[in-house]
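*Asks:* Once you've had a glance at the structure underneath, I'll fire off some questions.
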Amino acid sequence: KCPQPLVLLGARGWGGSVGDKAHLLPPEVCSLLNPAAIYANNEISLRDVEVYGFDYDYTLAQYADALHPEIFSAARDILIEHYKYPEGIRKYDYDPSFAIRGLHYDIQKVSGKDHFGLMMSAHPLRGLQPVPDEEVIDLYGGTQHIPLYQMSGFYGKGPSIKQFMDIFSLPEMALLSCVVDHFLGHGLEFDQAHLYKDVTDAIRDVHVKGLMYQWIERDMEKYILRGDETFAVLSRLVAHGKQLFLITNSPFSFVDKGMRHMVGPDWRQLFDVVIVQADKPSFFTDRRKPFRKLDEKGSLHWDRITRLEKGKIYRQGNLYDFLRLTEWRGPRVLYFGDHLYSDLADLMLRHGWRTGAIIPELEREIRIINTEQYMHSLTWQQALTGLLERMQTYQDAESRQVLAAWMKERQELRCITKALFNAQFGSIFRTFHNPTYFSRRLVRFSDLYMASLSCLLNYRVDFTFYPRRTPLQHEAPLWMDQLCTGCMKTPFLSDMAHIR
């Protein structure tokens, strides 16, 4: 039976602020979401998982946001001092609220978030300035649609459009936009492809030259978060007889210092295999690179690797030799990483491993979803959407005036809700009612996703995760709580806190 809100809504009229619509939310209709929960795209039982694998950066080691301004400033200075870019670029500082993960950057035209290739609805920017809808349509040949062949490919790279998927790309997107803004603002001619490559190379130099490693190593208390929880996760898995391995692109000296800080000097005893400088994602597809053993000083050995030994360090290699030497295959392996393409895609699609995505932004987004402002705004949007759909048959002058007012209010609410997450681009998971391209890749390439590895501490090691059935559009009328209140009932895990 449909609850009272629609009756009250009619009695109250159609004006007023979002706060005036509080009566639309029946008490306890929406349970608060738990930011420390693990969310399942596919059914998976941890009882069946015997081997756990991990990336290092932003998986075992979670970094503070304070790292991003350092990367931005260092790359900006490299552009000026080594690539001879204008000194005026130095006036730009990093804006942590500017970009989000999952954005597409059109090297020839604009940058913006994509969903279904509809750049007009995605609020694209050129530099730091919004591009009018009419100009976007003109740029893309009189249509809102971007052809599939121009979109990013399997690893987020298309002919002219690049998708930024890892957390390290946030300062890169900010720097790209600032440099373009400077050139446009001063009427300087430039080639977008050259500018894009120079900025990308400058960001790469920050990593290749070891600047980022130096900052983190100098102040691990500042930059590394939740180290004690990482230790708790690893120790708990080993105590329950699970085998662990590490595959990372970072160098051993950096990983060793970080793991000593988080876990202790004997951290390697927790892992059955440790592989550094793996060169993912080609590690998962290129059969040609052999494993090489490193000694304690980081020097390479020349002997042929016939087995992977516990406590030893290996460099490069490839997944095919890894599978042959360990015999760790299929769904009994669960690998965690933060990059949907470089860490997870090949493992799930080509090799049948189970995968877990680490999405640090999830914690903040869930906290926003739990606010009254978000709940009321979304509920009122859903109510207006239903009213617009059902009442459009009334075409007299007064009805059309009311419909126009509802349409205007709905659009305003959509913009307000979007801005709660990010003023330019909204949530990384949703563009209005559609999932973003990032969200669709997340569903395709991960069995589980969570804000941090420490979320595993909320669950038993034999826990089974069940994805919730969500309605398709033709099923939506059957979901009465969604139809009438605009929200889905989602499990709250406060009663599982004792498992920690």
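The first residue you see is number 1, and the count goes up from there.
Backbone N, Cα and C atoms are what each Cβ position is placed from, and that goes for glycine too.
Here TrEMBL flags Asp55 as active site, nucleophile. The active site, proton donor feature in TrEMBL is assigned to Asp57. Positions annotated as Mg(2+) binding site by TrEMBL: Asp55, Asp338. Sequence annotations record features per position, and here TrEMBL assigns GMP binding site to Asp57.
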*Asks:* How many other Cβ atoms are found within 10 Å of the Cβ atom of the residue listed as 'active site, nucleophile', counting all protein chains shown?
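*Replies:* Its Cβ has 24 other Cβ atoms within 10 Å.
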*Asks:* Once the chains shown are all counted, how many other Cβ atoms turn up within 10 Å of the Cβ of Asp338 (Mg(2+) binding site)?
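*Replies:* Its Cβ shell of radius 10 Å holds 24 other Cβ atoms.
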*Asks:* Can you grab the distance from Asp338 (Mg(2+) binding site) over to Asp57 (active site, proton donor)? Cα atoms, rounded to a whole Å.
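*Replies:* Pair distance, Cα basis, whole Å: 8 Å.
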*Asks:* Can you name the residues of this chain that are 6 or more positions from the residue listed as 'active site, proton donor' yet have a C-beta less than 8 Å from its C-beta?
*Replies:* Tyr63, Phe168, Thr248, Asn249, Ser250, Asp338
